[in-house]
């Protein structure tokens, strides 16, 4: 096979798929095999989590990141997020494991046995990186698949058993979403919101109607855009504006993935609707507000007048007013005054927290939930001795929110660097001055061996 070495491809073995830039068949094999690795990890890791799973303990105490995703989709859980059946977790793991074998076979086939280039095999699957019309057609197929993916969530929510709704009355429960939000003013209003504070841009979505309605919109938009890109050829301005090369497309993709990674970071850190706290543990603001509530309850039982007690700063010790006049929790948690959560909202009135409800109407389940969330804040250090930094070493808890937010932030940053790197190379190559490092006269080649 050609393009296995530096002489035939211009790239050394460690440059990986760069050797396959012009071998569409081999590149297909690499991508299908990569998909197989991804799906294999999903299946194997789900089964690993299930093998270690203790139904009596919260998922977030067991370091789980995959089973919570399955549970959020409404499989295997019931009222309050309690696991009622672990079999769906097993099924999801096995289905991914089996499909990864199919992908693995396809990847190996196209890497070893299949045609090196698809062009001589099929005009439909073949392509040339510089063929602008073919590239936008491929873009169209990708958009249609993404749209179908979005609509699959809609189908699960509306027709196949529903999703887990942490806001369901009487405590979270699996609920069929029968009335998704289709009003474009609501859906696109999220995109126009400020990203700061309680506004929170799209991350502020706090009900499943809006989530499912948004997926209906984005699914239909992606499918319509896909059909458009298949049927049309790029306009002159687009032909002139973009760089049309394999490396340019790589940079566009990395840029998009970077953006998605940063958005996912904010979602898993702040949003407790699509990442229910029953599965992922409390958000940072949630744990802080829960601590304020826990000690308010304790001191109120001991006789404190929580409505008028003054703290060491002269502000209210337990309750104070927000910048816009609502009654909020006092102390350091004041910065999280726009937190919303299903365990706290029943205590609100028309002007923030309702003093009458706080004095007379806090339910035992709210007290327990606040204490649980207070002690499971998403704090943690590198060596996994979690909890507050001053905590004794017997505490060993790191929230899945910490792991997921940190990993997605770091990966999103790496992808952003990769985007800039490949965009710069692609633009330089298009402008005709891209040289790279001259491998013939690379200094290291003339240096003596390290040993």
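Even glycines carry a Cβ here, placed using N, Cα and C.
As recorded in Swiss-Prot:
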type	residues	note
TOPO_DOM	1-46	topological domain 'Cytoplasmic'
BINDING	13	chlorophyll a 2 binding site
BINDING	27	chlorophyll a 3 binding site
BINDING	30	chlorophyll a 4 binding site
TRANSMEM	47-71	transmembrane segment
TOPO_DOM	72-111	topological domain 'Lumenal'
BINDING	92	chlorophyll a 8 binding site
BINDING	106	chlorophyll a 10 binding site
TRANSMEM	112-133	transmembrane segment
TOPO_DOM	134-155	topological domain 'Cytoplasmic'
BINDING	138	chlorophyll a 5 binding site
TRANSMEM	156-178	transmembrane segment
TOPO_DOM	179-232	topological domain 'Lumenal'
BINDING	211	chlorophyll a 9 binding site
BINDING	225	chlorophyll a 12 binding site
TRANSMEM	233-253	transmembrane segment
TOPO_DOM	254-268	topological domain 'Cytoplasmic'
TRANSMEM	269-290	transmembrane segment
TOPO_DOM	291-424	topological domain 'Lumenal'
BINDING	345	[CaMn4O5] cluster binding site
BINDING	404	chlorophyll a 7 binding site
BINDING	415	chlorophyll a 13 binding site
BINDING	418	chlorophyll a 1 binding site
TRANSMEM	425-449	transmembrane segment
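Contacts of residue 418 (chlorophyll a 1 binding site) defined by a Cβ separation under 8 A and a same-chain sequence distance of 6+ are given as 251, 254, 258, in order along the sequence. The closest partner of the residue listed as 'chlorophyll a 13 binding site' among the binding-site residues, by CA position, is 30; the full candidate set was 13, 30, 106, 225. Distance from the CA of residue 225 (chlorophyll a 12 binding site) to the CA of the residue listed as 'chlorophyll a 3 binding site' is 26 Å. Only pairs six or more apart in sequence are counted, and the transmembrane segment (112-133) with the transmembrane segment (269-290) gives fewer than three Cβ pairs under 8 Å, not enough to call it a contact.
Against the transmembrane segment (156-178), stretch 269-290 shows more Cβ pairs under 8 Å than any other of 47-71, 233-253, 269-290.
Per DSSP, the topological domain 'Lumenal' (291-424) is made up of 62 helix, 12 strand, 60 coil. Within its own chain, the topological domain 'Cytoplasmic' (254-268) has Cβ neighbours under 8 Å at 202-203, 274-275, 280, 401, 404-405, 408-409, 411-413, 415-416, 418-419, 422-423, counting only residues six or more beyond its boundaries. Using Cα positions, the member of the binding-site residues 30, 92, 138, 345 nearest to the residue listed as 'chlorophyll a 9 binding site' is identified as 345. Among the binding-site residues listed here, namely 225, 345, 404, 404 has its C-alpha nearest to that of residue 92 (chlorophyll a 8 binding site). Checked against the residue listed as 'chlorophyll a 5 binding site', the binding-site residues 13, 30, 106, 225, 404 differ in C-alpha distance, with 225 being the nearest.
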